[in-house]
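Participant: Before anything else, here's the structure in question.
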Amino acid sequence: MLRGSIVALITPMNEYGHVCETSLEKLINYHINNGTKAIVSVGTTGESSTLSQEEHINVVMLTLEITNKRLPIIAGTGANATSEAILLTKKFENTGISACLTVTPYYNRPTQKGLYQHFKAISENTKIPQILYNVPIRTGCDLIPETIIKLSKFKNIIGIKEATGDLSRVQKIKNSVHKNFFIISGDDTTFLDFIQLGGHGVISVTANIAAKIMSNICHLALNKNFKLARFMNNKLIPLHQGLFHEPNPIPIKWLAKKIGLIASDTLRLPMTPVSNKTRLILEKALYFSKITAK
């Protein structure tokens, strides 16, 4: 079972908008050396929506190669067409990828029946373990607990990344699924409460630049030391909040460059560079967190 701090890894690009392998390697080694438990490659934070499918696959495979079995790799493989999600997921079978993170179909807003059939089809047509991903603010549809519980019965659907921020869902899901089905927060601002209610960790944006402290907080929380975990997390709250002052991954890429983890904070359109107003917010949050240059 995946537990603890899992990073939703950014995809570093050079000034021309091409994937920067040097920065990617530096970033991955930073996580290996600072307690991150797994890497999500080319999810939302990894700019999956602006990479071609060829680039998407290449970044995941490069991440796998650099990591060299030192951490589990989870590949983002969601799509708004079920057939496309199946094809992309199958690309990672027999590669060494530990699991695929499959977001709910975005834009077309299916019913709960449609969502069930979508994930059922992926499960039945692929062998690799699947992690469901629910983030209604981005996709326009909500995978409700009752549907998650039904889907948990499929052998290769092993968990859920729950990014609604609705803490009432944690125990509702946990009390109705088998013991090996893991429930991971996808919301840095509420992840500690999420773990206290029975969750198993977080897929974190903040961890991109705060790997060690996020790993330590999760370790403390999973071992029921919530007093110290909260004390440590309090230093990160302005950062958790500031990272979503503009759409992810705009702020986190700027911060990763600022502290020297990546060489450039280049994004692809329609994502644009961070505003001066947000930079000030992020600089204050960085100072408060005491995170230093790498």
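Even glycines carry a Cβ here, placed using N, Cα and C.
What Swiss-Prot records for this protein is below:
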type	residues	note
SITE	THR44	site 'Part of a proton relay during catalysis'
BINDING	THR45, ILE203	pyruvate binding site
SITE	TYR107	site 'Part of a proton relay during catalysis'
ACT_SITE	TYR133	active site, proton donor/acceptor
ACT_SITE	LYS161	active site, schiff-base intermediate with substrate
Participant: Around the Cβ of LYS161 (active site, schiff-base intermediate with substrate), how many other Cβ atoms lie within 10 Å? Please give the count over every shown protein chain.
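Facilitator: Cβ-Cβ neighbours of LYS161 (active site, schiff-base intermediate with substrate) within 10 Å number 25.
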Participant: Checking the recorded positions THR45, TYR107, LYS161, which are within 10 Å of TYR133 (active site, proton donor/acceptor) at the Cα level?
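Facilitator: Close recorded positions: LYS161.
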Participant: With Cβ-Cβ distance below 8 Å and at least 6 positions apart along the chain, what are the contacts of THR45 (pyruvate binding site)? List them in sequence order.
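Facilitator: For THR45 (pyruvate binding site), the qualifying residues are ALA8, LEU9, ILE10, VAL205, ASN208, ASN248, PRO249, ILE252.
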Participant: ILE203 (pyruvate binding site): which of the recorded positions THR44, TYR107, LYS161 have a C-alpha within 10 angstroms of it?
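Facilitator: Within 10 Å Cα-Cα: LYS161.
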Participant: Near THR44 (site 'Part of a proton relay during catalysis'), how many other Cβ atoms are within 10 Å of its Cβ?
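Facilitator: Its Cβ shell of radius 10 Å holds 24 other Cβ atoms.
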Participant: Counting only other Cβ atoms and using a 10 Å cut-off, which of the recorded positions TYR107, TYR133 scores lowest?
Facilitator: TYR107
Participant: Work out how many Å separate LYS161 (active site, schiff-base intermediate with substrate) and THR44 (site 'Part of a proton relay during catalysis') at their Cα atoms, rounded off.
Facilitator: 12
Participant: Using Cα coordinates, what distance in whole Å links THR44 (site 'Part of a proton relay during catalysis') and TYR107 (site 'Part of a proton relay during catalysis')?
Facilitator: 15
Participant: What is the number of other Cβ atoms found within 10 Å of the Cβ of ILE203 (pyruvate binding site)?
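Facilitator: For ILE203 (pyruvate binding site), the 10 Å Cβ neighbour count is 30.
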